[in-house]
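S.K.: Residues or ranges marked as domain 'SLC26A/SulP transporter' in TrEMBL: 88-482. Among the features that TrEMBL reports, domain 'STAS' is placed at 535-617. Feature annotation from TrEMBL assigns transmembrane segment to 86-109, 116-133, 145-171, 183-205, 241-262, 274-301, 348-368, 429-449, 455-471, 483-514.
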Amino acid sequence: MNPSNDGGHTNNGFNGGSEVSLDIPTNTLYHTSRDCIVQEDQSSQETCLESTQSCCSNLWSNIFRKKTLYKRFPILVWLPQYKKDYIFGDIVAGISVALTVIPQALAYAGIAGLDLQYGLYACFLGCFIYIFIGSSKDVPIGPTAISALLSFQIAGGSWQMATLLTFLTGLIEILMGVFRLGFLIDFVSGPVGAGFTSAVSLIIFSSQMKDFLGIKTSGNTFLQVWISIVNDIHNISWPDFILGLICITLLLSLRALASFSLGPKEGKSTSQKLFTGIFWTIGTARNALLVCGTAGLGYWLSLSGKEDLVKTVGFVPKGMPSFQPPPFHIDPVLNETTGEILEDGQSFWDMVSTLGSGLIVVPLIALLETMAVVQAFADGKPTDATQELIASGVCNVANSFVQGLRSNGGVARGAILNASGVRTQLSNLYTSVIVIIALLYLTPCFYYIPKAALASIIIAAVIFMIQYRVIKPMWHSKKTDLIPGLGAFFACLVLPLQLGILVGIGINVVFILYQAARPKLRIETLATTSGLKYLMLTPDRCLIFPSMEFVRKVINKQGVKSTLPVVIDCTHIYGADFTAAKVISTMVMDFEQRHQPLIFYNLQPRVAQVFEGLNKDLVVIYDITTLHAKLAEKSPI
């Protein structure tokens, strides 16, 4: 289609390299698309059985295509290219992440309301599987602060519910990947994500006050926790509080040490490189060093008979978890003496009902976290959200068979991997091996770790999750974006997280719907080459049911007000629905009753077909010269 550019309007709707072209002759006027006939080749029609067999055959061949296998198993791409030079970088990166993830896993299990071993159970099998199907070398699979808090609020501190949550959300992630639903994260805008993350950091900070201060707290939401803190603050344990303050000070100092560099950026001497490397290593391993140091302190206090001075985590089972299916029901708790039911059991459907909306929210948030890591270190390379959904889903389904906590990629550990010089996904192997060694041999040492130390590790991490820096640029860019962001923030503080994030998304959807219902119309009074004036109205988007009544009122108002011929420039209208066709039909009749010309300019044929379903008398023109001629024809003498 090559409409003339003689000072008029051009239709770029079909540009962009489409393989389908539409040939509409210039200087042509037609009233409907009745002459556009689509002919079907009857000989190509197949029976239902033949179609099904063909579909299954194509699906089977597509699954086992070399391109598909390479896409779904990225190890087939990077392993043949693996070099000896990569080994050292992967080992260093794997060990660095292991030294971080072990103390974090212990602490995150506490956030989830579970015994500490469940955090470690989530850190080896998923990591190992990610080696084969993970698409990014910078994603370390393991529990995160956000996933742990969501598990606590959804599963309520029950390991059976938490394990089933891991299993079901893993299945849902796999299905989302198969059906390519990764685009759903696009509905979680930047402001909503920032508000959610900031609220989560404050909630996690609050949840750690019980161990940091040595008091008792209760409640699931931010307000409930702080009410319980205020009510029990008089029972503060000063030794735990002082130890917690010292630990936070050390952690923040070592965090700063990790980024300290001696000498100039370029041309460092050997000693400067050595000390810079030592500083980075100490800063990166700060959590492990703190756990080892405070565990030693707890052991010394135990030998001195002062084990009650600070609260320790207590017994952590030694050895690997049993490999078994996740629990699909919960047996009732009985009194061993009387046989009385102390706690009712739950069937599978009862458990699913309890998990509720968390089954949808958790995979979305997990994908957001994981893709944040992938995109942060992609270096401009394309990313694959679909593959990450499948990989995360498979890893979590596997973790559920070893009673592991919900896991996904974490930004902080991803940064450690990248800074450690990771070369491939094989770094996850070394992380898995170290976690297994810790489960087999180091769990007796965990008994002496002070709870205040683990709380300090979490607090020192989550305070940097508060995204207050986005407020100023958001204010200067678009102030209305603060509304969904603040809405999500306060909703997450007051409501359970899975509901709070839905409130933020809902506010965003309302804004989108409002914009769809109120399209902008550019109104111009133009003249033909012969001097005849007409009114040109240009909508800036598709016509769908929320916007049609508004558009009709604006066009009718302008038509009655000016009495000039009205031309609707449809260049930007790429789609329409039945409601739009109904309103357009009514509007055409309104103009006919007033004997006022109404012309559609550059209306795409597929949209014209929608409109003509209710009204066959549309006047559609694709050329500015023909438009001027038609206006001259319709103008009164």
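Each residue, glycine too, has its Cβ placed from N, Cα and C.
Describe the structural context of these features.
M.R.: Sorting the domain 'STAS' (535-617) by DSSP state (H, G, I as helix; E, B as strand; all else coil) yields 42 helix, 15 strand, 26 coil.
Counting only same-chain residues 6+ beyond the ends of the transmembrane segment (145-171), those with a CB under 8 A from a CB of the stretch are 108-109, 111-115, 118-119, 122, 197, 200-201, 203-204, 207, 220, 326-328, 330, 351-352, 354-356, 358-359, 361-363, 365-366, 369, 392-400, 403-408, 458, 461-462, 465, 496-498.
Proximity of distant same-chain residues to the transmembrane segment (274-301), defined by a Cβ-Cβ separation under 8 Å and at least 6 residues beyond the stretch ends, is recorded for 96, 99-100, 102-104, 106, 243, 247, 250-251, 254-263, 268, 307, 309-310, 312, 416, 419-420, 445-450, 453-454, 456-457.
Using a Cβ-Cβ cut-off under 8 Å and counting only residues 6 or more beyond its ends in the same chain, the transmembrane segment (348-368) has close neighbours at 146-147, 150-151, 153-156, 160-161, 164-165, 168-169, 172-173, 176, 182, 184-185, 188, 193, 196, 328-330, 385, 388-389, 392-393, 406, 408, 497-499, 501-502.
If you look at the transmembrane segment (429-449), the same-chain residues 6 or more away from its ends with a CB under 8 A from one of its CBs are 90-91, 93-95, 97-99, 101-102, 105-106, 116-117, 120-121, 123-125, 127-128, 131, 140, 291, 294-299, 302, 312-320.
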S.K.: Do any residues of this chain, six or more beyond the ends of the transmembrane segment (455-471), have a C-beta under 8 angstroms from a C-beta of it, and if so which?
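M.R.: Contacts of the transmembrane segment (455-471) (Cβ under 8 Å, skipping residues fewer than 6 from its ends): 103-104, 107-108, 110-111, 145, 190-191, 194, 197-198, 200-202, 204-205, 208-209, 211-212, 244, 247-248, 251-252, 255, 287, 290-291, 412, 482, 485.
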S.K.: Report the mean pLDDT of the predicted model across the domain 'STAS' (535-617), rounded to a whole number.
M.R.: 83
S.K.: Counting only CB pairs under 8 A, let me know which of 86-109, 116-133, 241-262, 483-514 has the most with the transmembrane segment (183-205).
M.R.: 483-514
S.K.: Mind checking which residues of the chain, 6+ beyond the ends of the transmembrane segment (483-514), have their Cβ under 8 Å from one of its Cβ atoms?
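M.R.: Here the qualifying positions are 149-150, 153-154, 187-189, 191-192, 194-196, 198-200, 202-203, 220-223, 356-358, 361-362, 364-365, 470, 474, 546.
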S.K.: For the transmembrane segment (116-133), find every same-chain residue at least 6 residues outside the stretch whose CB is under 8 Å from a CB in it, and list them.
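M.R.: Distal contacts: 72-75, 101-102, 104-110, 139-143, 148, 159, 162, 166, 313, 316-317, 321, 387, 390-391, 394-396, 398-399, 401-407, 425-426, 428-429, 431-432, 435-436, 438-439, 443, 446.
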S.K.: Would you kindly list the residues that approach the transmembrane segment (86-109) from elsewhere in its chain, counting only those six or more residues past its ends and only Cβ-Cβ distances under 8 Å?
M.R.: 115-120, 122-123, 140, 142-145, 147-148, 284-285, 287-288, 290-291, 313, 405, 412-413, 416-417, 420-424, 426-431, 433-435, 438, 446, 449, 454-455, 457-458, 461
